[in-house]
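S.K.: Could you have a look at this structure, given as structure tokens, before my questions?
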Amino acid sequence: MLELHDCDATLLNDMQQIKTIMCEAACKAKAMIVTEHFHYFLPFGVSGVVIIQESHLTIHTWPEHGYAAIDVFTCNSKLALQAAVQYITQQFNAGNVTQHYLHRG
């Protein structure tokens, strides 16, 4: 789980760019994308999911707070999750990043 603070509000409100970043992050992890869906909220904010064969990546943004909450979840320990996390944090250029790791199962 990632919490990104102090991000650019314009980027956090750009559904197409967020979709591109999240799908590319799945590819960087060497995951197989099954489908994706993103939604833009008025007046601002984006939520989205990239369903991968191995589980999912999700994002919820609050541009008015410069904040994004992101989950990178997988049931395949062979995926390159750290590559996905690094890519996401670089693309959003957050001033403050908090990572939480949760082992399930």
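Placement of Cβ uses the backbone N, Cα and C atoms for every residue, glycine included.
Residues annotated as active site, schiff-base intermediate with substrate in Swiss-Prot, with sequence analysis given as evidence: Ser55. Marked as pyruvic acid (Ser) by Swiss-Prot: Ser55. Under the heading active site, proton acceptor, Swiss-Prot lists His60, citing sequence analysis as support. According to Swiss-Prot, the active site, proton donor annotation covers Cys75.
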S.K.: Could you round the CA separation between His60 (active site, proton acceptor) and Cys75 (active site, proton donor) to a whole angstrom and send it over?
M.R.: 21
S.K.: Quick one: Cα separation, Cys75 (active site, proton donor) versus the residue listed as 'active site, schiff-base intermediate with substrate', in Å?
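M.R.: So the Cα of the residue listed as 'active site, schiff-base intermediate with substrate' lies 6 Å away from that of Cys75 (active site, proton donor).
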S.K.: So how many other Cβ atoms are close to the residue listed as 'active site, proton acceptor', meaning within 10 Å of its Cβ?
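M.R.: Taking every protein chain into account, the count is 16.
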S.K.: My understanding is the cutoff is Cβ-Cβ under 8 Å with a sequence separation of 6 or more in the same chain; which residues meet that for Ser55 (active site, schiff-base intermediate with substrate)?
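M.R.: Expected: Phe73, Thr74, Cys75, Asn76.
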